[in-house]
Amino acid sequence: MKPPLNMSRSNKPLTQEANSSAHIDRAHQLAQDFNSKQDDTALTSLPHKNPDIFRFENNITAHSSRRGSLYRDSDATVVLPLSEHTPRLSMDDPYRQLLQQAEISQLRSKKKRHSSRVLRTSFISFVVLVSSLSGLDQGLISGNVMTLSFQKYFHYPLTSPLGNIVSIVNLGAFMASLFVYSGILEPCSRKKMLQISTMIYSLGAIVQVLALNQWCLLLGRFLLGVGMGFAFSMVIIYQFEFPLPCIRKRTLISIQCVSSVIAYSFGIWINCAFRYLGFAWRYPLSTHVALGIILNLMSFYLILESPSWLLKQKNDVEALVLISNVFDDGNFEENQTQLKFRVLKRDILLKSHLQKNSYPYAYILKDFSSIIKLLIGFQLLTRTNGVDAFLYYSPLILQQMGRGERKSIYLTGLNALIYSIVILAYVPLVLRKRKEKTNVLLGSIVMCALLFTISFTDWFPKSTTRYISILFAVFLFTHFISWDSIGWVMTIELLPHLSQAPVILLVSNFYWIFKWFVSLITPILIDRLSWKFYLIPSLSSFISIIFVLKIFPIETRDERLDSDDDSTGNGSGNHDDVFDDTGSEFSSSPSFSAYQINTLGSSIKQNNQAYSSIQNEQILPKNGNLSNQTHGSAQNVYFITSDSGPSRTGEFFSFHNRTDPNISDNIAANKPSSGGGQNSPGDMAVA
């Protein structure tokens with residue numbers, strides 16, 4: 001006699017056992033019978049579409065191998081019997097209920113799910129496109145403002161109005177970046193902010209293309225800069241809140257810099273292609289409109305919400321579903337998904353503990369002030385070394401050397417082509433770890449010599465101008481391999497993972513304001529100083545040599561203070577590979593009482609001990625007392641412990657001070673034996 005079948009939504013388990021090989025076929029048959037009985041056209045009917053097979057967990061049999069079928073268009077669920085040999089998990093596991101809710105939430109979702117590869121590729125592509133916006137604008141506007149059609153339409157603007165037209169986009173980006181750094185948008189959805197930024201960018205691009213006078217052009221370029229800076233800042237927050245294990249952060253930064261170079265070359269040749277048409281200055285600028293449409297579509301349909309933001313909003317179920325979709329194609333049982341969720345949850349707790357009720361990024365100003373000053377110095381020297389002057393005003397410089405309007409634009413295009421080809425050939429070396437101090441020092445020396453040579457071009461014959469453009473290409477290449485990405489790479493080299501995003505946000509403000517200042521005064525200085533102008537960036541390069549010799553930190557030469565793998569949950573620690581292996585093994589079920597937190601170290605050494613992968617004995621001695629550093633200040637050691645029980649679903653962790661008597665027994669119980677098991681605190685990476 002056939003056992004009764006439970007077709008209700010209560011999902012009560014059946015008592016009859018069934019072989020695992022027949023589970024799927026039987027589930028399909030039961031689902032088809034249910035569909036035929038309901039006679040509802042809204043339900044998915046077999047065999048036209050197979051229902052999703054999923055792993056179901058009820059309140060009694062956690063992590064069982066029960067399988068069922070669920071229609072996307074209804075809540076009807078078919079539950080199959082449980083085998084008596086199925087391994088069971090303790091009811092006290094706090095991850096179990098969240099896992100069950102996440103699986104059900106994902107299966108009942110009617111949204112189309114993309115594969116993990118598509119989602120990761122879309123995210124990386126979006127980051128690269130946003131990072132190339134500035135380079136594209138440099139290429140488009142540098143040649144555009146010197147075309148005859150632009151000069152006639154805007155009544156031959158002088159050096160000061162020309163500087164305003166070129167530089168105002170950087171001013172808008174600075175104001176948007178400063179607004180993001182203010183912390184006002186911290187509670188806002190990352191995805192919505194990205195969508196708003198791309199819409200502002202598109203609006204600015206349209207106003208710029210349809211400009212009727214200089215004021216409309218300035219307004220359009222200002223809005224373009226606001227959208228650019230807004231998107232750039234939100235991408236920084238997004239990529240550091242949700243780093244992908246398939247690509248290292250250092251590699252992603254290098255790829256962003258390369259994409260900016262390619263976009264610059266693309267913008268230059270767009271100008272060359274349309275310069276003979278009527279209203280030739282409008283067609284190249286319309287490239288911004290096309291790119292804005294692409295970014296809008298990607299932000300709406302391919303970019304997911306930041307799981308860290310979801311965890312901040314206590315939406316742990318949605319965060320787990322999102323992590324599973326990105327990393328394991330929706331498979332919640334993979335260790336990578338579970339460990340990534342736990343690591344992000346730990347980071348959110350750490351950051352909330354550091355921020356408390358104060359300004360969101362206040363703690364970095366107190367604890368990393370010396371590093372921040374160093375990074376700001378890098379940005380100042382990078383922008384004043386002459387790179388922005390050549391990128392924005394290369395056609396203007398060549399015209400002052402005696403070349404005509406047409407030849408100056410084509411020589412700039414040749415310059416950009418050589419620049420891009422050499423950079424692409426150098427990409428494999430850029431992505432590898434290098435001796436940063438030696439590299440930056442040699443680059444400063446070469447740039448100083450090149451700029452000093454270019455300053456004497458007024459005495460050269462006019463026929464040698466083409467060779468001067470080659471010197472520009474050599475200068476730009478030298479700058480790229482030495483100074484272009486160092487200000488950003490140093491951030492991930494010197495700072496712990498939790499502080500990298502806010503520090504980069506702060507440094508990006510100075511990046512935009514320095515860029516605005518240089519692009520504003522360059523045409524004025526070129527007009528008034530002539531050949532003496534090149535002595536200014538030459539002097540800046542000479543100061544860079546002294547800066548590198550005296551101030552450049554030595555920590556990045558041999559080993560990094562923070563691990564990309566630690567931030568993504570990857571314990572492989574293989575830094576020789578550019579791309580990490582997505583299939584690398586992950587430690588299972590880490591003991592959260594093993595994570596120790598040293599709050600707010602006042603020096604690089606203390607922060608290294610607090611945040612890097614070190615042994616617990618370096619922070620907490622065996623006698624249980626708080627250790628004193630060489631600086632004489634006692635460290636506050638905290639523990640992240642697990643709160644079990646169904647009443648705490650979604651909130652598994654809490655902070656406890658080491659001296660709290662309520663957890664003394666728990667800490668002693670979690671102390672590893674002399675044998676040292678797999679999850680012993682001595683083998684775990686601290687936050």
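Cβ from N, Cα, C; glycine included.
Sequence annotations record features per position, and here Swiss-Prot assigns compositional bias 'Polar residues' to 7-22 (among others).
The compositional bias 'Polar residues' annotation in Swiss-Prot covers 660-673 (among others).
Annotation comment: Swiss-Prot describes S90 as phosphoserine.
Swiss-Prot lists 1-22 (among others) with the feature region 'Disordered'.
If you look up Swiss-Prot, you'll see 561-587 (among others) marked as region 'Disordered'.
Per Swiss-Prot, the feature region 'Disordered' maps to 654-687 (among others).
Long-range neighbours of the transmembrane segment (123-143) within the same chain, counting only residues 6 or more positions beyond its ends whose Cβ lies under 8 Å from a Cβ of the stretch, are 165-166, 169, 173, 201, 224, 228, 231-232, 235, 238-239, 244, 247, 252, 255-257, 259-268, 270-272, 275, 284-285, 287-288, 291, 294-295, 298-299, 302-304, 391-395, 409, 412-413, 416. Under the heading transmembrane segment, Swiss-Prot lists 123-143 (among others), citing sequence analysis as support.
With a cut-off of 8 Å between Cβ atoms, the residues of this chain six or more beyond the transmembrane segment (165-185) that come close are 134, 137, 141-142, 145, 157, 193, 197, 204, 214, 217-218, 221-230, 232-234, 237, 359-361, 392-393, 502, 505-506, 508-509, 512-513, 515-517, 519-520, 523. Sequence annotations record features per position, and here Swiss-Prot assigns transmembrane segment to 165-185 (among others).
Long-range contacts of the transmembrane segment (193-213) within its own chain (CB-CB distance under 8 A, at least 6 residues past either end) are made by residues 133, 154, 172, 176, 185, 219-228, 230-231, 234-235, 238, 282, 285-286, 288-289, 291-293, 295-296, 299-300, 303. Positions annotated as transmembrane segment by Swiss-Prot, on the basis of sequence analysis: 193-213 (among others).
Annotation source Swiss-Prot lists transmembrane segment at 217-237 (among others), citing sequence analysis.
Among the features that Swiss-Prot reports, transmembrane segment is placed at 252-272 (among others). Within the same chain, residues 124, 127-129, 131-144, 147, 239, 283-284, 287, 391, 409-410, 412-413, 416-417, 419-420, 423-424, 427, 430-431, 480, 484-485, 488-489, 492 sit at least 6 positions outside the transmembrane segment (252-272) and bring their C-beta atoms closer than 8 Å to a C-beta of that stretch.
Residues of the same chain lying 6 or more positions beyond the ends of the transmembrane segment (284-304) and with a Cβ under 8 Å from any Cβ of it are 114, 118-119, 122-123, 125-126, 129-130, 133, 136-137, 140-141, 143-144, 191, 194-195, 198-199, 201-202, 204-206, 208-209, 224, 227, 231, 267, 270-271, 274, 322, 325-326. If you look up Swiss-Prot, you'll see 284-304 (among others) marked as transmembrane segment, on the strength of sequence analysis.
Residues or ranges marked as transmembrane segment by Swiss-Prot: 411-431 (among others).
Here Swiss-Prot flags 440-460 (among others) as transmembrane segment, drawing on sequence analysis.
Summarising the annotation, Swiss-Prot assigns transmembrane segment to 470-490 (among others). Within the chain carrying the transmembrane segment (470-490), a Cβ under 8 angstroms from the stretch's Cβ atoms is held by residues 250, 253-254, 257, 261, 374-375, 378-379, 381-382, 385-387, 390-391, 394, 415, 418-419, 422-423, 426, 429-430, 436, 439-440, 442-444, 446-447, 450-451, 453-454, 504, 507, 511, 544, 553, 556, all 6 or more beyond its ends.
The transmembrane segment annotation in Swiss-Prot covers 501-521 (among others) and is backed by sequence analysis. Proximity of distant same-chain residues to the transmembrane segment (501-521), defined by a Cβ-Cβ separation under 8 Å and at least 6 residues beyond the stretch ends, is recorded for 163-164, 166-168, 170-171, 173-174, 177-178, 180-181, 229, 232-233, 236-237, 240-241, 360-361, 364, 368, 371-372, 375-376, 379-380, 383-384, 388-389, 392, 487-488, 491, 495.
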